[in-house]
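Features reported for this protein in TrEMBL:
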- 10-183: domain 'Hydroxymethylglutaryl-coenzyme A synthase N-terminal' (DOMAIN)
- Glu92: active site, proton donor/acceptor (ACT_SITE)
- Cys126: active site, acyl-thioester intermediate (ACT_SITE)
- Asn164, Ser218, Lys265, Lys269: CoA binding site (BINDING)
- 184-464: domain 'Hydroxymethylglutaryl-coenzyme A synthase C-terminal' (DOMAIN)
- His260: active site, proton donor/acceptor (ACT_SITE)
Amino acid sequence: MNNQNGHHSWPEKVGIIDVEIYFPSFYVDQNELENHDNVSKGKYTIGLGQSKMGFCSDREDINSLCLTVVEQLMQKRGLSYSQIGRLEVGTETIIDKSKSVKTVLMELFKESGNHDVEGVDSTNACYGGTAALFNSVAWVESSAWDGRYALVVAGDIAVYAEGNARPTGGAGAIAMLIGPNAPIVLERGLRSTYMEHVYDFYKPNLMSEYPTVDGKLSVQSYAKALDKCYDGFCRKAEKLHKTKGKKCFTLKDLDAMLFHTPYCKLVQKSLGRLAFNDFLRNSGSELEDQYRGLEMYRDLKLEDTYFNKEVEKAFVDHSRTMFEKMTKPSLLIAKEVGNMYTPSLYACLVSYIASQSIEALQGIRVGMFSYGSGLAATLFSLRFSDDISKGSPLRALHDSLQSIKHRLASRMEVSPKRFTEILKLRDNTHHQAPYTPIGKIEDLFPNTWYLEHVDEKHRRSYLQKKETPCIQRNGCITKMNVMNCESTKVAEDFCKVSATPIRLSESVQPV
Ligand SMILES: CC(C)(COP(=O)(O)OP(=O)(O)OC[C@H]1O[C@@H](n2cnc3c(N)ncnc32)[C@H](O)[C@@H]1OP(=O)(O)O)[C@@H](O)C(=O)NCCC(=O)NCCS
């Protein structure tokens, strides 16, 4: 069979070749926020499982976040923009009802002369990134593929009105390079989707950044979608792999299980919920002895237990060892940055890769649960490459993500009072035109794109904070590039870097 590119077969092993993440340079501490919000001590840190929350000043919007992360990925890979044939953005941070973020990103492609780039934006709450990923993988696997890479971008600014949802905010963006012979492959024929019409979280007020949230319904909807997707996934896996007399698919068939993460506590409960699903699905099987002491829950129905605290606790306890191994390493960024919405699940993937030794990643199989309110959800799985040799794509990806902890530590802490003022400013000036942001440029990470101005016709212009290559510190030269930041204190102590801006149209290097 010939595809359009003249190849004799369809591409194999289509998946994620590389990933880059961007999170803002500011955070508020959740301990401090508990004091400020006058809630009981431990509500945000223990009850929700969050330690810090990233946020943006009025200098950043969805376009600037995506510009930053796309450029970071392209530079890291040393890729030419002409090597990209598809670019899709998943986001629910809508600043224009017509113009896509994707079209703004095309400015980065200008100097390469490449305008032949398919794809626009996908929106459904936190699910848009997954839709963009599936579309891009499908493009590479299709007759329309022209042999080039696809880029998937997921980005959001998650901010809530004052009240109980505010500590579950966050912000950030992910860019993923998609192509054949990838070190992380989406397993074919093995994903399960659940969609339903629910008003659990939505954004009907287009003049505000804030959603309308029914928190309890959103937690219930997440659990229901997880149950439904897992059931469908298990059935498909059992059909595909009916081998060696083993009938039931369980969590033990996965090496890691990652979740869309609105807050970390929900994820630990969700792994417990999958263990409860396994327990109910494995009734009477040879696996029964694994569930000693849980027999009294045998006749329960999933749909009657969304808020059953006793069942929740029993299965969180039962799955604790699995959680430590399969899921906890994926929560590094979620705990420190918060809910990024569309990038959340992929930030978990980045965290998981960054937290493991390369040997621990060899050939593993990872479950991925994507959830977007409203609702759209899918459970799918990834296979990591067996090749971890020197210079292998998986090792290169793993090594490139080792700076994450430094990058998190080099952020700037902002008091809850200042955080509240900044969110108030964003709220008051959202959709204002003309408008010139007032947030300090020197507080941004080097190389960050930022909003320069919104003109009277709502047209936005962007600049890039130029990297200062080196600074002198105690006689040592330290590169002031957050990707290679050697000292965790560098950005805090020495972030007096040049703010010499680069205009959007001046920024692209000839290839
Ligand atoms: C998630 C959300 C509903 C929680 O708000 P809330 O109702 O005020 O929070 P709760 O009173 O239930 O407290 C949260 C948890 O902290 C616990 N908690 C409260 N105070 C505590 C304290 N001092 N120490 C320890 N834990 C505490 C509660 O017991 C609760 O635990 P549980 O979930 O195991 O019952 C809210 O933040 C929200 O709407 N977020 C946005 C929507 C969202 O993220 N949905 C998730 C699915 S998409």
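Keep in mind that glycine also has a Cβ here, set from the backbone N, Cα and C atoms.
Feature map: annotations from TrEMBL on the structure.
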residue: Glu92; record: active site, proton donor/acceptor; Cβ neighbours (10 Å): 28
residue: Cys126; record: active site, acyl-thioester intermediate; Cβ neighbours (10 Å): 32
residue: Asn164; record: CoA binding site; Cβ neighbours (10 Å): 14
residue: Ser218; record: CoA binding site; Cβ neighbours (10 Å): 24
residue: His260; record: active site, proton donor/acceptor; Cβ neighbours (10 Å): 32
residue: Lys265; record: CoA binding site; Cβ neighbours (10 Å): 17
residue: Lys269; record: CoA binding site; Cβ neighbours (10 Å): 21
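In this record, CoA is bound by Asn164, Ser218, Lys265, Lys269; the longest C-alpha to C-alpha distance in that set is 19 Å. Calculated from their C-alpha atoms, the gap between Asn164 (CoA binding site) and the residue listed as 'active site, acyl-thioester intermediate' amounts to 19 Å. Spatially, by CA atoms, the recorded positions Cys126, Ser218, Lys269 include one closest to His260 (active site, proton donor/acceptor), and that is Cys126.
In this structure, the residue listed as 'active site, acyl-thioester intermediate' is part of a beta strand by DSSP.
On the backbone, the CA of Glu92 (active site, proton donor/acceptor) and the CA of Cys126 (active site, acyl-thioester intermediate) stand 7 Å apart.
Cα of Cys126 (active site, acyl-thioester intermediate) to Cα of Ser218 (CoA binding site): a span of 12 Å. A mean pLDDT of 97 is what the model gives for the domain 'Hydroxymethylglutaryl-coenzyme A synthase N-terminal' (10-183). Residues from the recorded positions list (Glu92, Cys126, Asn164, Ser218, Lys269) with a C-beta closer than 6 Å to any atom of ligand 1: Asn164, Ser218. Secondary structure at His260 (active site, proton donor/acceptor), as computed by DSSP, is coil.
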